[in-house]
Structures are given as structure tokens and as C-alpha cells.
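What follows is a short report on a single structure.
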Amino acid sequence: MSGPDPVDDVVATIARSASEIRQGLVGRRGDVDEENPSGETQAEADVWADELLEDRLTSIDGVAQYASEERSEIVDCEGEGYCVAVDPLDGSSNLKSNNTMGTVFGIYDEPLPAPGTALVASGWILYGPITTMAYARDGSVTRYELTGGERTVVEENVTIPADPLVYGFGGRVPDWPEEFDAYAREVESDPGHKLRYGGAMIGDVNQVLTYGGIFAYPALEGAPRGKLRLQFEGNPIAYLIEAAGGRSSDGSQSILEVEPTDVHQRVPVHVGNTELIDRLETVLE
Ligand code: FDP
């Protein structure tokens with residue numbers, strides 16, 4: 001007889017912790033005097049959510065590694081199993097203004113840093129007016145509402161709507177390479193498209209999953225790898241968006257195909273409806 005599934009345990013633990021993380025944001029909106037491994041100022045809540053998740057996820061049987069955007073070293077657990085990469089609080093600069101944030105996770109069956117093709121599941125929690133979770137496993141996406149410790153299915157087999165509606169692109173416009181700028185102008189000139197950009201990747205990507213469209217944090221002049229992190233952000237959202245029938249790209253290939261070299265490496269991120277990503281790759285070629 002097979003035992004409990006560690007992937008289910010990891011997801012249940014993250015879902016249960018979400019309500020606590022949300023409540024714990026109150027009183028933790030200040031910065032600590034530290035930078036994360038990517039050189040960004042850490043909020044008190046970043047450090048706290050990371051420690052909470054590390055403590056809980058590393059005690060699950062069948063979890064071999066825990067890595068997070070907020071710590072430089074990978075935590076090795078005793079025994080073999082899955083490797084969990086987490087962005088404990090995505091978009092934490094939105095804390096100050098009290099706007100949307102999220103928690104992102106990827107569950108890999110290879111040691112980190114691992115390629116996106118080694119993901120067995122991924123998902124995100126969105127701290128919006130209510131707390132929701134989008135979760136991908138075995139090529140299918142489920143949406144949940146989270147209340148207290150409870151997880152309620154809202155929709156199964158979620159797919160990106162066929163008619164793209166929203167777009168949101170990160171980075172300063174003057175820093176966009178010429179080709180990306182041309183592509184952005186093309187997207188925004190379509191009368192069927194609306195701008196939606198909130199400054200937290202997960203909020204913006206969740207709009208794309210809900211309404212169809214495209215989110216990108218592209219390569220920038222002076223930052224050819226963009227801003228977002230492959231293990232904690234690029235791969236998990238690419239896995240989910242592809243499971244929902246969309247596409248991901250680093251500019252020339254699926255993000256899931258990008259070779260991992262470092263746990264904190266960055267990657268240009270473009271995700272959304274297939275035709276929009278196909279067109280992007282043509283323009284960036
Ligand atoms: P943040 O720095 O607030 O954590 O992952 C980093 C991230 O937010 C994304 O959530 C967001 O899309 C992006 O950075 C925003 O960056 P810009 O401020 O450069 O737009």
C-alpha cells in the first residue's frame with residue numbers, strides 16, 4: 001500500500017499557512033535592515049513568512065530540500081524526496097500601500113536548482129479581497145478559496161479564456177529593449193485589450209488566468225535576465241499557465257526549458273495566451 005503523498009502534504013500545509021501569513025502581515029509592514037540574495041530590501045513580513053514556511057515544510061516526510069527567495073542557501077532535509085522552492089511573499093513592496101500580494105511555490109522532483117520540466121506541481125496564493133489559491137498538477141489547474149484552515153474548490157480544469165483581455169508589463173518603459181517596446185505598442189493598440197498592472201507578479205498573472213491576456217517582466221537594457229527568479233517565480237507560474245492551456249517564454253523558448261545554473265538566477269518572463277506569446281517570440285527573434 002502506498003503511503004501519504006508528500007506533494008499533497010506540501011500543498012495542504014501551504015494552503016493552511018496562508019491564512020496565518022495573511023493575518024501576520026498586520027504589524028509586520030516595516031523593512032528589516034537586510035537584503036535578500038537578489039539585493040532587494042527585505043520586509044519584516046518576508047523574513048517571517050519564510051521562517052514559518054521553512055519550519056513547516058522541512059518537517060514533512062518526503063521533502064528533501066527547501067529553498068526560498070529570501071535566503072541564500074538551500075535547506076537540505078534528512079532523507080530523499082521532493083524539493084520545494086517558495087517565494088513566501090511575492091510583491092512585498094505592495095505591503096506599504098496595502099495592495100495585492102501572493103505566495104508562490106514549485107514542487108520539483110530533482111535537486112535545486114532544477115529545470116521547470118522537473119516540476120510535479122506548482123501554485124500560488126493570492127492575498128486579495130479574499131484569499132484564493134490556483135494549483136496545477138498533472139496538467140490540470142484548480143482554483144480554491146481559502147478561509148481559516150479550510151480549502152474550498154471554486155473551479156476545476158481552469159483554462160485561460162480564449163479571447164485575451166488584459167496586459168501588464170513590468171520594468172521602466174525607457175529600459176525596455178526596442179523590440180519589446182514595439183511588441184507592447186502592438187498589444188496596447190488592440191481595442192480589445194486593457195492595461196492591468198498592480199506591481200505584484202502574482203496579482204497580475206492571476207488577472208491573465210482569469211480574463212486572458214499577457215503578463216511580462218521582460219529583459220531590460222542593463223538587465224538582460226529581467227528581474228524575476230527562475231526557481232521561485234518563472235518556473236512555477238509557467239507550469240501553471242501552460243497547464244491552463246497558455247504559453248510561457250523567456251523570449252525564445254518555454255521558461256520550463258531554461259537551463260538552471262543558480263538557485264537565484266533571473267529569467268525574462270512572458271506568460272499568457274498562446275497566440276500572444278507566439279507573436280512575442282516572432283517580434284523578439
Ligand atoms: P517585489 O519586488 O515587490 O517583491 O518578485 C518581485 C516583484 O515584486 C514582482 O512581484 C513584481 O511583478 C515586480 O517585482 C515589480 O517590479 P517593479 O517594481 O520593477 O515593477
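Glycine too: its Cβ is placed from the backbone N, Cα and C atoms.
Residues annotated as region 'Disordered' in TrEMBL: 23-45. Residue counts for the region 'Disordered' (23-45) by DSSP state, with H, G and I taken as helix and E and B as strand, are 4 helix, 8 strand, 11 coil.
Annotated domain 'Fructose-1-6-bisphosphatase class I N-terminal' per TrEMBL: 23-146, in sequence order. When pLDDT values are averaged over the domain 'Fructose-1-6-bisphosphatase class I N-terminal' (23-146), the model yields 94.
DSSP assigns Leu89 (Mg(2+) 1 binding site) to a strand segment in the three-state reduction. The annotation Mg(2+) 1 binding site is assigned in TrEMBL to Glu69, Asp87, Leu89.
In sequence order, Ser68, Glu69, Gly102, Thr103, Val104, Phe105, Arg229, Phe232, Glu233 are the residues near Asp87 (Mg(2+) 1 binding site), counting only same-chain partners six or more apart with C-beta under 8 A. Positions annotated as Mg(2+) 2 binding site by TrEMBL: Asp87, Asp90, Glu233.
Look at TrEMBL and you will find Asp90, Gly91, Ser92, Ser93, Tyr197, Lys227 tagged as substrate binding site. Sequence-distant contacts of Asp90 (Mg(2+) 2 binding site), defined by Cβ-Cβ distance under 8 angstroms and a gap of at least six in the same chain, are Met101, Gly102, Thr103, Val104, Trp124, Ala200, Met201, Ile202, Glu233.
The feature domain 'Fructose-1-6-bisphosphatase class 1 C-terminal' is assigned by TrEMBL to 160-284.
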Margin query: Let's check the environment of Ser92 (substrate binding site): how many other CB atoms sit within 10 Å of its CB?
Written below: 26
Check: Which binding-site residues from the list Glu69, Leu89, Gly91, Ser92, Tyr197 come close to ligand 1, meaning a Cβ under 6 Å from one of its atoms?
Finding: Gly91, Ser92
Checklist line | the domain 'Fructose-1-6-bisphosphatase class 1 C-terminal' (160-284): DSSP-derived helix, strand, coil residue counts | finding: 54 helix, 22 strand, 49 coil
Next item on the list: Report the same-chain neighbours of Leu89 (Mg(2+) 1 binding site): residues 6+ apart in sequence with Cβ closer than 8 Å to its Cβ, ordered by sequence.
Entry: Ile21, Ala43, Ala45, Asp46, Ala49, Leu95, Met101, Gly102, Thr103
